[in-house]
């Protein structure tokens, strides 16, 4: 497949994902705004911070490294070995679920059962839901590797919408169930997500059109199950080594991604109510990042991984491939910068109004508006980092990935310390400031790699980060006008 064909598929995947996610997220946005009217800040803090952290940590540690390694395969990739490797995420997920579940029950303070009942059941079900989701990992990687447009977005969005509908129904009809509501909804979400992939591949592999096209490396559903043969190894050891390198990196990246939740959970710097407000604002602020930046990052990571060769310098690769990758990277950087600046300018002025519409006085009063204003600036850094790391992780060699892990280790340690100190000085906004600092360091690391990568070639993709003075002046003027209009509101 030529680079331009890969680019076309990646663009279609990103654009289709973007449009569908906007539609489905709007539906979920309305449902969540409705649910918030029936909840206390404390239960939001327990569910969205502590229990969701258990689930996301289990999922991330069990599968993130496998995803990156298996999606970086060459054209000679043996998919039976790749699928065998992916099935190892399930026992790994069971281990992390049991270990982290024990830590959440034995090492952390248990909330008052009169205020937040059924905490123990919540821990067990959230951990179990992570294992259920890992059962669909081989299907997800196969779909991503072959760029099945719309499948991922429809499956995830449908699962989220059905979860929100179930949560809204239970919150209104059975409010005394407490954490049972959110635990059952989470388990329902993961079951629906896996079933969407299983049903899709069952129909696809059972249709005569699939046999004719011969697009997939499997011809029937049993080919997706683990297979043991004497003629070759159970897994591709090169993929396994790359997975280990990515695992060390993903462990550190998880601390950077969810660092504030770890500090909240293990150091008790905020009470459950403040944790709830912070998490709602964090989710609202990152909505655009999930809607726009995440589909782009995931789709174009696959594009860069397929077009570029990890172990070769840019000058030793096909120059057409290198040129296409540079042009795409420059365009993505410009798109990310413009989108981030737009969100920062308008979001900074209208934060209080947005929170009042979304969650009422519970969010628009107190620290909520200050948090969202700070997060609008953070979104700008998120946008740029998503694109730069997307390219960096796709182009790095195994040795470079290992070296980058040491940088991530230092960032993780500094982030936790900075979060703790800034939270004591500035309150919950200190988490966002610490995130901004670390995101800036990560962007710098990626920019240095990109500069070195293209240093000996005529291509300058980092030019996408330089905007014209006229455009910058327009943003500055817009920021002044919106700030004045918000004061007169």
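Sequential numbering from 1, following the chain as shown.
Using N, Cα and C of the backbone, Cβ positions are placed for all residues, glycine too.
TrEMBL: automatically predicted annotations, no manual curation.
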**Request:** Name the residue range among 352-369, 406-423, 424-441 that TrEMBL annotates as transmembrane segment.
**Result:** 406-423
**Message:** For the transmembrane segment (370-394), give me same-chain residues lying six or more residues beyond its boundaries with a C-beta closer than 8 angstroms to one of its C-beta atoms, as numbers and ranges.
**Reply:** 68, 72, 277-278, 281-282, 284-286, 288-289, 292-294, 296-297, 300-301, 304-305, 308, 325, 329, 332-333, 335-337, 339-341, 343-344, 347-348, 351-352, 354-355, 401, 428-429, 432-433, 435-436, 439-440, 442-443, 445-447, 449-450, 465
**Item:** Contact yes or no, the transmembrane segment (177-200) and the transmembrane segment (322-350), 3+ Cβ pairs under 8 Å, gap 6+
**Value:** no
**Message:** Under 8 angstroms, Cβ to Cβ: which one of 43-62, 153-171, 406-423, 462-484 has the largest number of such pairs with the transmembrane segment (322-350)?
**Reply:** 462-484
**Item:** Positions on the same chain near the transmembrane segment (406-423), where near means CB under 8 A and six or more residues out
**Value:** 249, 252-253, 255-256, 259-260, 262-263, 267, 269-270, 430-431, 433-435, 437-438, 441-442, 445
